[in-house]
Amino acid sequence: MYTQDRFMSPQYKARFKGYVQVTKPGIIFGNLISVAGGFLLAAKGDVNLALMLASLVGLSLVVASGCAVNNCIDRDIDAKMQRTCKRVTVTGEIAVGNVLAFGLALGVLGFSILALFTNALALLFAVIGYIVYVGVYSLYMKRNSVYGTLVGSFSGAVPPVVGYCSVTGQMDMGAAILLLMFSLWQMPHSYAIAIFRFNDYAAANIPVLPVAEGMTKAKLHIVLYIAVFALVSALLPLAGYTGIAFMAVTCATSLWWLAMALKGYRHGVDIQRWARQVFGFSIITIMALSITMALDSQVIKEQVIGQTNLFTLVK
């Protein structure tokens, strides 16, 4: 009874909630969708459920680890930002050492699952993405360079590639397109956040593009990155990895997103509201494309099988 009462106590619940929060569940969920999208794109309907589960769980734990360690690294700048000043690593509700140990334990478990159940290439991408996010981005680039977002975009693009390579075991054109596509998506998504959270980033002296070089340049970069993202996304169907459904969805979402970005140049536009709209639609775009590429790749496989069967009959 004592043990049960202890686990049900408000203090225990608050501590448990704190440990969950440092892993950033929203980010984990978004990465789960992209991992599944990359995996199913490569599988083309021939899904190994055990392998898929291992990829999803392993990568989720790696992402959770990176987020927890990032909370420890960023606690000084988090204290200066309204959005993050209540994090447990800032308030001291949970000791930083405990959060760090928790994060590293999650990483060991996640990498172990990927090592045991996927393949060397998937594991390698996960390791590189982790090192870039924790070691390069969080420890140095985020604080010291306007190019921090660009570096961070690589680690954000790794999850779908891990999912894809878990199936194929090789770095082919499909994996390269995914890596480039998701890296490009990260840029306008992140710049939009930096605009509507401008005061926070300025208070913490983080040199994101809007703070370091102004809103005009940030708006231009958002438009340019969305335009290039649209072109790169179209490479998946053009290269035969997906079909017409993906092409239709990528054209519709990318053009709508681009049109939304161009509204930032309207006279008298509410820049904060505009940035939130660009950010919100960036999530809709990447979710729609992740789901569509997973489903549309199955159609491609069925078409290939049908053509093969027809060829066999004619022969």
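The backbone N, Cα and C atoms fix where each Cβ goes, glycine too.
The model shown is predicted, which means the values in this text are computed figures rather than measured ones.
As annotated by Swiss-Prot, transmembrane segment applies to 25-45 (among others). Distant neighbours of the transmembrane segment (25-45): 52, 55-56, 59-60, 63-64, 67, 159-168, 174, 178, 182, 236, 241-242, 283, 286-287, 289-291, 293-295, 297-298, 300-302; these residues of the same chain sit at least 6 beyond its ends, with a Cβ under 8 Å from one of its Cβ atoms.
The feature transmembrane segment is assigned by Swiss-Prot to 49-69 (among others).
Annotation source Swiss-Prot lists transmembrane segment at 87-107 (among others).
Counting residues 6+ beyond its ends, the transmembrane segment (120-139) has Cβ neighbours under 8 Å at 55, 58-59, 62, 65-66, 69-70, 73-74, 107, 110-111, 114, 148, 151-152, 154-156, 158-159, 161-163, 165-166, 169-171 in the same chain. Residues or ranges marked as transmembrane segment by Swiss-Prot on the basis of sequence analysis: 120-139 (among others).
Taken from Swiss-Prot, the feature transmembrane segment covers 145-165 (among others), and the record attributes it to sequence analysis.
Per Swiss-Prot, transmembrane segment is recorded for 176-196 (among others), and the stated evidence type is sequence analysis.
Sequence-distant contacts of the transmembrane segment (220-240), counting only residues of its own chain at least 6 positions beyond either end whose CB sits under 8 Å from a CB of the stretch, comprise 41, 173-174, 177, 180-181, 184-185, 187-188, 191-192, 209, 246-247, 250-251, 254-255, 257-258, 261-262, 264, 278, 289, 293, 296, 300. Taken from Swiss-Prot, the feature transmembrane segment covers 220-240 (among others).
Packing against the transmembrane segment (242-262) from elsewhere in the chain are residues 41, 188, 219, 222-223, 226-227, 229-230, 233-234, 236, 277-278, 281-282, 284-285, 288-289, 292-293, 295-297, 299-300, 303: each is 6 or more residues past its ends and has a CB under 8 Å from a CB in it. Positions annotated as transmembrane segment by Swiss-Prot, on the basis of sequence analysis: 242-262 (among others).
Here the transmembrane segment (280-300) has Cβ contacts under 8 Å with residues 30, 33-34, 36-37, 39-45, 160, 182, 185, 188-189, 192, 233, 236-237, 240-243, 245-246, 249-250, 253-254, 256-257, 260 of the same chain, all six or more residues outside its ends. What Swiss-Prot lists as transmembrane segment is 280-300 (among others), and the listing cites sequence analysis.
Only residues 6 or more beyond the boundaries of the transmembrane segment (176-196), in the same chain, are considered here, and those with a CB under 8 A from a CB of the stretch are 34, 38, 41, 149-150, 152-154, 156-161, 164, 208-211, 215, 218, 221-222, 225-226, 228-229, 232-233, 235-236, 239, 241, 257, 261, 271-272, 275-276, 278-279, 282-283, 285-286.
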